[in-house]
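In what follows, a single structure is set out as structure tokens and then discussed.
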């Protein structure tokens, strides 16, 4: 019975194996990668398309906020509109300062998404480099790197970020992302290290070594591409949690300065008029939650698609 | 098991010193002067600054400062707040309240989370499962402080079921609402974890054997499926202590509770570094200890762990 790769599937003694069986290998049949299989299983799920479309829209809003509103979030504020309800052209009503809530929600996207993306990028970069070096080369490098990772891992991300942010002057989206990444990288590094350890002991790595491929080249061409899947799943989910973390820091008053428009800042400022005008809090909070939700759903779907155990069950 | 325990305890020592040094380093040697922050916009006389720096050992080299600090830490002296109150004093008053709050939250998230997760896992793909998944995703994606505001607005202000702020004694009844807020995110994670684990175990060979030998469905589920599914959940509850402590900062800040979190919240807002550093150092120690306990518990529950490596 031919399997996916077009090979005949049977067990026979070596001397009984007819040479013809090898000739029968269909070499035009392309080997399917993990990613092609994952794509096949993902595209059949409506959740994948829902979260992808949401993320696309969020990316558009973050890149070109001007396309979605003609009202300025800062300049068109009129105190006479303070805490006003929705009206024509201002569907979400007004803040305490009389600014348009819809425009502020749209323009707040950029800072929040930037922090999330940048922090995720940094964490993935540090985690993949550190984790693969530790897992692949082992020895003293692994020992040192793993102990340093343990130290950072012992400090919960937000607790560390609170300490660091409360002493750092003037935060920007970049500095917030760096601070979050400093305390969050060990998680990815640990996962990467584990995956690299497994991949290093596999047959294809031994085959490459036997063929005389250099150690570093094996790491780059074979080990890392085969270990990156679990990291991508965690990175997708953590993008959402970084956005939540940024808003939490802003809520505590140690995140982005109030001059920077972000969902966290807007939610934080909305506390003062919460009882009289809850919509000022609801809309930026809803925007933030939808963004986080989109990345969580995508992470779930990626996990289902990339997890070999889950695939075997299906 | 003894060998494993000893190794894990030894591994914890450098982590403890590394983590506390890191926090100490961040607060006292990075740009941003805690003494200047104390005085706001109007700088005090230079002599005053010198005196305060000497009083808090800020004039000595960093490593010496840290050693003095950690030495005092072990003697139970956690420094004084800038208003002159010993930090250990503040902590002694604050800890029991946070402990009760965390207990309430833990009990709620454990019982409700495991129950909902079990039912969802047993009925995978049905409407209860689908709605449990949606609700848990929503709870994770809404930040704790937003949920806190909403709960306070709806149940406190509009329905009037609970008081919106907790009085200084923090009686159990007033802690229910903050505990629900605090537990929400972990509740969602426990639901997802239990659900996945139950669904996984339902397909396990030992469950098929139990069913095949004629055990009732009830006995199969409670004895075989649930008990085996609880291993990852129990370990999660230990690790969760870290997020509960972070959550307590937000929740106690919102509900004005005079616990550990509320104190840290106020100290952050006022920029009181010694208080923040001492409290967070203690939190990190608790977190490290909890992780150790979880590791040992995990090794006790699953022998494969302690023989690996």
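Residue positions begin at 1 at the first shown residue.
Cβ atoms here come from the backbone N, Cα and C positions, even for glycine.
Quantities reported herein were computed from a predicted structural model and do not represent experimental measurements.
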Per TrEMBL record, range annotated transmembrane segment [choices B:97-120, B:193-216]: B:97-120
Where TrEMBL places transmembrane segment among the ranges B:68-93, B:276-301: B:276-301
Transmembrane segment according to TrEMBL, located in which of B:36-59, B:132-155: B:132-155
Result, the transmembrane segment (B:97-120) in contact with the transmembrane segment (B:225-250) (3+ CB pairs under 8 Å): yes
Stretch with greatest number of CB pairs under 8 Å, the transmembrane segment (B:175-191) reference, B:97-120, B:132-155, B:276-301 candidates: B:97-120
Same-chain residue ranges lying at least 6 outside the transmembrane segment (B:12-30) that approach it to Cβ under 8 Å: 58, 62, 65-66, 69-70, 73, 273, 276-277, 280-281, 284-285, 288-289, 292
